[in-house]
Amino acid sequence: MKGEIEQTLGAWVLFTVDIQPACLGLYCGKTLLFKNGSTEIYGECGVCPRGQRTNAQKYCQPCTESPQLYDWLYLGFMAMLPLVLHWFFIEWYSGKKSSSALFQHVTALFECSMAALITLLVSDPVGVLYIRSCRVLMLSDWYTMLYNPSPDYVTTVHCTHEAVYPLYTIVFIYYAFCLVLMMLLRPLLVKKIACGLGKSDRFKSIYAALYFFPILTVLQAVGGGLLYYAFPYIILVLSLFTLAVYMSASEIENCYDLLVRKKRLIVLFSHWLLHAYGIISISRVDKLEQDLPLLALVPTPALFYLFTAKFTEPSRILSEGANGH
C-alpha cells in the first residue's frame, strides 16, 4: 500500500513538472547550446542573445526576416528627423544675411545620407545594403525590460533584449554617425563660406544640433514603440501645421504669391512629399490599386488654404500681431 502511494505521488510530481511552462515571462527563452543533426541542446531559461527573439515554444531563434515596407517607412521617418531639424535651424540662423544657407542644406543632406549608408553597411549582415530583422508583433516588443518575470516575487529573471531587432538600436547608430559626420564636415564648411554671418552666428546651427541630437536619442529610447505606430499621423499633422504657418508667415494669399518665388515652390513640394509619405505609411500599400488614389489628396491642404485665405487675410492678422493689437 505504501509503495502504491509513493508511485502515485511520483507520477503526480512528474505530471506537475511536465505541465510547467518552458519559460516564465513574455520574452524569456532558452538559447541553443549545441546542435548535431536532429539533436538540439538548449540552455536554461533567460535572455536571448542579440539578433534573436523567442518563438511560441520559448526558444531563442535568430532574426532572419526582411523588414516590411512599414518598417522601412519607420526607419525613413527616424532618418528624416535630424535632416529636417538641420534644415530648419540652418534657415533660422542664416536668414537673409548670408548666401551660404544652400551649401549648408546640401551638406546636411550629404551628412545624413552618408550616415544612413554607413549604418546599413555596418549592420548585420555587414557590407551589404540589407538588414535582417525580427517582425514587430505588438507594442510590448519595444519594451521588453518591463516584462522581466519575478517567479517568487523576490528574484527577477532579467530577459531584456531587442525583440524588434534591429529597429530599436539601428536608430542610435544612425544618430551617432550623423553627429560624427557633422562635427567633421560642417565646421570647416561654415568657416569657409559663411562670411556673411558674424562669428557668433556662424556655428549656431551646429550648436542647435548638439542639443536636438540628445533629445532625439531620448525620444527614441523612451518612445520608440509609440513612434513606430504613430509616425504616419505625426507626419500628416506636423506637415499640415508647418505648411499653414509658413504660408501665413510668407503672406501667401493667392497662386501668384506662391509662384513669384522659387523657394516657396520648393517648400510647397517638400510638404507635398511629406503628405504623400504619411498617406503611404498609413495605408501601407497593402492593396496598391485601392491606396494609390489617396495620393490625389496631397494638394488638398494647400488648395484649401489658397481658396480660404481671402476670408482670413493672414497679412492683416500678422500686421495686427506685430502692432500688439
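One-based numbering along the chain as shown.
Glycine is treated like the rest: Cβ placed from N, Cα and C.
For 72-90 (among others), the entry in TrEMBL reads transmembrane segment.
Here TrEMBL flags 102-122 (among others) as transmembrane segment.
The transmembrane segment feature in TrEMBL is assigned to 165-185 (among others).
If one looks beyond the transmembrane segment (206-227) by at least 6 residues along the same chain, the residues whose Cβ comes under 8 Å of a Cβ in the stretch are 74, 77-78, 81-82, 85-86, 89, 93, 139-143, 164, 167-168, 171-172, 175, 178-179, 182-183, 186-187, 190, 234. Annotated transmembrane segment per TrEMBL: 206-227 (among others), in sequence order.
Away from its own ends, the transmembrane segment (233-252) comes close to residues 77, 227, 258, 264, 267-268, 271, 274-275, 277-279, 281-282, 301-302, 305-306, 309, 314-315, 317-318 of its chain (Cβ-Cβ under 8 Å, at least six residues beyond either end). Per TrEMBL, transmembrane segment is recorded for 233-252 (among others).
The list of residues near the transmembrane segment (264-280) in space but at least 6 beyond its ends in sequence, with Cβ under 8 angstroms from a Cβ of it, reads 73, 76-77, 232-233, 235-236, 238-240, 242-243, 246, 250, 252, 257-258, 291, 294-295, 297-299, 301-302. The transmembrane segment annotation in TrEMBL covers 264-280 (among others).
TrEMBL lists 292-309 (among others) with the feature transmembrane segment.
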